[in-house]
Structures are given as structure tokens and as C-alpha cells.
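See below for the structure under consideration.
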Amino acid sequence: MAKVPDLFEDLKNCYSENEDYSSAIDHLSLNQKSFYDASYGSLHETCTDQFVSLRTSETSKMSNFTFKESRVTVSATSSNGKILKKRRLSFSETFTEDDLQSITHDLEETIQPRSAPYTYQSDLRYKLMKLVRQKFVMNDSLNQTIYQDVDKHYLSTTWLNDLQQEVKFDMYAYSSGGDDSKYPVTLKISDSQLFVSAQGEDQPVLLKELPETPKLITGSETDLIFFWKSINSKNYFTSAAYPELFIATKEQSRVHLARGLPSMTDFQIS
């Protein structure tokens, strides 16, 4: 088992001969800042470069210092201040050689908020205003028509020969009392109680059956709200629950949410 690396020997070399090493360590402890973090303190650029390139074989000594906190964040930065890697360690844990190699050489996994809804939107209240469009058809930029899947839960696109299969929509306008530049709406399949709802990036939109057209939409129900924007003859629908995502299509595939290309996000309404 390899021990938690001691980088104090390396930090000593970063101070000039005229500087008091022990007083620097005391100052560091009082402020409870990690000595591992190259972004703290007044270390020279050469020290930062040395820290980034440390190998576990060079840092196998035990530390004789006592820390008030049981956890420390280890991070490495480049010379221009960009964080290259970051780890949170516990001094109560033992580490294998593989653990230390991973900390030294591997970048921390990035958490992708691809499907996380915009949480502050749950505080908004959308009140039903009026029916603005009825029994209209939406075609994408490839002139594909939207139709309902056999399972009735999803929408797909293709070039239809039988236009009786194309889906017609009703659009209801809502008011949130918030940003006047946005136009919140719901999309309902005509002659039904099936409403289009968002599920996340690259996920198909889901058809939710509701007993009636909702008069007030709040909280988790904001997946029913889309912001309608019309530019010339192109129409866009941005999700209120996922503000960076649009209702989108691909060639002969399910209608889904996407940021843009390779998906198509503009529609013709007729």
C-alpha cells in the first residue's frame, strides 16, 4: 500500500533560501487551504509546473503534520491558471498504488448535466390564457410529417403518403408573469388529451394524457411548457424544463429534444 503523498519537500524547493518555510506552513494551516492546490499561495511558475508533473514514486513519504480537517481537495493547474485535475481525498483512507497513479495522471470525470432540468423554472407559475392555434400540422426542414407511433406514447417523422396519419396539434398560450420576450405554450394532439412533454436531451418527447387542459402549470409539470418563437416562416419550440433544448427531428426518427445539428429544430406550421 502506498501512503498519501507528502508534497512538503517539493514545496520547500519552491521557496527561496531567504524565506522561512515553517512560517509559510503555519500560515497555510491557519487559513485551512490545501497545500496541494497550486492556485493557492504565491508559488513560482516553476513550482506549479513541477507539481503538475509529480509522479507517485517521488511522493511516498509520510507526513508528520496534523490537519484540523479530515478532507483535502487536491488540484493541479496549468501555468495560465486552468484547472487540469481535481480530487477530494480523506486522510483516514489508505490508497493503493493504482489510486495514486489515477490521482496524478487522470483527469477527473466531468459530470454532464445533459438531462438535468433547469431547477429554478419550478418556481414559475404558468397560467392558461387562450387557445391560439387549432388543428395545425408541423413539418420539419426536410418536409417530413409528424405522425403518432403505434404505441401512442411517442411521435415520429417520415414522408407520409396517407395524410390521414399526420398529427394535428392545438396550441395553448400561457402567462408566467416573467420574461415578456418568451411565449410559453403547450402542444396538444387535436381531438385528444395527449400533451407533448419533454424528457431530456436526445430523449423522445413523451405524450402525456391529462384529464383536461391544465389551467395552472408549476413545478415538475413545466415539462409541458415550450417557448414558441417564430422567425419568418420557421418556428422553434424551446423546452421550459430544459432551456437549451429544442423540439427536434431527424430523418425518419422519433421527435426528441436536441441543441441543434445534426438534429433539425425548425418547423413549418400550416
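Cβ coordinates are placed from backbone N, Cα and C, and glycine is handled just like the others.
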Seminar exercise, completed: Here Swiss-Prot annotates region 'Nuclear localization signal (NLS)', and of 45-49, 85-89, 110-114 the range meant is 85-89
Seminar exercise, completed: Of Ser57, Ser90, Ser102, the residue that Swiss-Prot annotates as phosphoserine is Ser90
For this session: Just name the winner among Asn139, Asn143 (the glycosylation sites) by count of other CB atoms within 10 A of its CB.
Result: Asn139
Seminar exercise, completed: Per DSSP (helix/strand/coil reduction), Asn139 (N-linked glycosylation site) sits in strand
